[in-house]
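These notes concern the structure reproduced below.
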Amino acid sequence: MANKLVIVESPTKAKTITKFLGNGFKVESSFGHVRDLPKSSMGINIEDGTFEPMYEIPSGKKKKVAELKKLAKDADEILFATDEDREGEAISWHLAELLKIKPEKVKRLVFHEITKTAIEDAIKNPRGLDINLVDAQQARRVLDRLVGYELSPLLWKKVRYGLSAGRVQSVAVHLIVEKELERAKFKSSEYFDLLAILSSSNEKFEAKLTEYETKPIPAGKDFDSDNGKLKKPENFILLGEKQAKELAEKLLTSKPWTISEISEKPYQTHPYPPFITSTLQQEAHRKLGWSAKQTMRTAQSLYENGYITYMRTDSVSLSSQAINAAREAAAEFGKEYVSEEIKNYQSKSKLAQEAHEAIRPAGSIFKHPSQVQKEVDGGESALYDLIWKRTVASQMKSAQMISLNVKIEVEKAIFEAKGKKIEFAGYLRAYVEGSDDPEAQLENQEITLPNLKEKQVVEAQSVKPDGHITQPPARYTEASLIKKLESEGVGRPSTYATILDTIVERDYVIKINNALIPTYTAMIVDYYLQKYFDNLVNVNFTSKMEDDLDKIAIGKEKWHPYIKEFYKEKFHSHIEKASQDETYPDIVVGKDKNTNQEIIIRSGKYGPYLQRGAGGENNTCSLSDSLAPADLNIESAMELLSKPSGPQVIYTDEATGKDITQRTGRFGPYLQLGEDDEKKKAKKVSLTYGPKKLPIGASVNIDNINAEQAKKIISFPLNIGEIDGGKITASVGRFGPYLKKGEDYRSIPKDKDILTITLEEAKELYAQEKKTRTRKKASILKELGEDPKTKKSIQVLDGPYGPYISNGTRTFAPIPKDTQPEEMTLELALRLIEEKKAKKKKKK
């Protein structure tokens, strides 16, 4: 019997493929790349002008390579089944080189989904190695190494040791910094309109003042963001608060309120194309609150286990088999919802990276999400549900809508009421796209108005001023940044998650409520790069590079000459010029109004700081990222510099007579009890944790610690109580606040505060399955149905402290002792969850 060796890059993928192959096949995983550039040197031949990479086998991969060589020696045929993209092709090429197989003899198995049919078809139709894809991967790797290896040491010298710059990450950081500078420049404006509650035949509806004395009332878009004034004041009537109140009182008693005009406008909304990598990441961020990294990790698992097609793609097209499967699934909503014509979607990308399908459920018949939910964990189930709905909706009819606009006149004022009716839901039965803006989601709902007629008189129930303040440009979220990068042609499907992960991990960006905020380190690095390496933060330049790499991938460009030209003409000369400059990248905030001295942002050994004039005592202070760069101006800078720099006494401990003081050290702010002496060092507790210096508790304002908080913090670890005879304590470690029971540690979630956490809340956390890096899916005892409020599944789960109920949020309710899990009903579960929520509210 033939002995065929199939090599893939992932053990999960190997396990799935093994199920579809009969005797005579051995499927083995390489565990990713088997060769790479060395860590201890650049590893690129610059001196001889070839720019040839000098690969080596990492020490952790030598054993695996030896195993593969032995298996290859005993095999009659070797088949490479790595992913069909640049990285996958490069892995196969490296393996072929190590196994001494000539490129023209390499047999590649190509498939976009891991199903029995797809694998069998790939076995029958192997292709050769695509050396163009390999070259494109090498070019990207070499480019990134050249930029990182030569530029990073300059940043270590000029800004801070350990920093890095990257070809694509620097553009991403630049976009985030630009947005922050826009916010800093923004001048807000206040304006008022009126909101009336009107009624017709006892049905109430809202109407907003849009015109008064023949002039329109302005909206936010009518103000200049640079000076906060109206762009064309002569065209509008601007109401102040006093005017608005007076007008509201006047109009409330005025009569009649008459319907002057009713207009209806039919329109359609169309289904979205199936997911590509970027749109999947954006939608998972909006709907599931996931990072791009989490989305790709979950999608990879779904792909490797045979549930979805390949997840790195910029193609929105579906195969004829997939279209048929989607249309069959759409018919479950009713045949009238299936599009009469087959919908074929076309990619907008000028140079699609590889010829994949869109991301869709695998197979010729799509597994229903309810079936998949029983086979995978909660996260995988949620993502599959999203992919299934989007794919099915893509073959459904458009939604038919009617917008309603009603004008109501009273004296010299015109109010408008708007409504929306869904005449035919179409694809909305299956899928409604999420939004970065929660307010925009209201547009997905019907807005009903009473039956109104022109010249009809309605009653005013109330008229109130409605104040507004114009808002600065919204910061990027992961979803909106990916959308921006994609629209600008920066990055590719395989790189978005890595880019976002890198800029957060390397202290360039912090995430607060999903918003991406640049650190002061990012501001300084971006300022420096703009000065000497403007190409690296230029969107158009980076986009052109991506296009060039795409050309290499399809054989229209050679990679060695391209790298040589970039290095010699567009990069290395900038390194030489910057190396000769002895100045440091200081950012000017403004001038002290009292001394006329310049205040600047600098980067020091222990992080960014403010300096006034030449510095010295009372003229420098640390800069915490808790104050966003957009909020740093000359006034806030002077306030920071005016604060005492030495220890500040917060409270005198009654038991010891020692002072609890707040201080700032090399690692940030901390509390200290007493002073160091020869026998014993004083107890110190940091007020922040992790590389981002996050506050240790939600209630902890580092700039205003009170005595009660100080007493608790200096007493860490706090005694919370006992569970099953085991003592529970709370403290803070390098990864944040946590609970400890013996050797069992649990992270305290962000929505709970270490200083106020109760024993009941601790019990809830210990009742949940412990989250670990190798976490397995929870043991589900019974599915009860859907929570009508959250629309999430209510389940009976088996925890370490007994069965409990979860509604898919952070509410957990233990099952009564006299009730067995199998006896639980949906009605009882809902009641227990509501009781649990009520208890939480009382505590607050």
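Positions of Cβ are set from backbone N, Cα and C atoms, glycine also.
The region 'Interaction with DNA' annotation in TrEMBL falls on one of the ranges 140-145, 164-169, 680-685, 704-709, namely 164-169. Reduced to three states, the DSSP call for Arg312 (site 'Interaction with DNA') is coil. For Arg141 (site 'Interaction with DNA'), the same-chain residues 6+ apart in sequence whose C-beta sits under 8 angstroms from its C-beta are Leu37, Pro53. Taking the recorded sites Arg140, Arg312, Arg506 in turn, the residue surrounded by the fewest other Cβ atoms inside 10 Å of its Cβ turns out to be Arg506. When the domain 'Toprim' (3-114) is classified with DSSP, helix, strand and coil residues number 42 helix, 20 strand, 50 coil. On the backbone, the CA of Asp144 (site 'Interaction with DNA') and the CA of Trp156 (site 'Interaction with DNA') stand 18 Å apart. Tyr149 (site 'Interaction with DNA') sits 16 Å from Arg506 (site 'Interaction with DNA'), counting Cα to Cα. Recorded residues Arg312 (site 'Interaction with DNA') and Arg140 (site 'Interaction with DNA') have their alpha carbons 17 Å apart, per Cα-Cα distance. Secondary structure of the region 'Interaction with DNA' (164-169) per DSSP (helix as H, G, I; strand as E, B; remaining residues coil): 1 helix, 0 strand, 5 coil.
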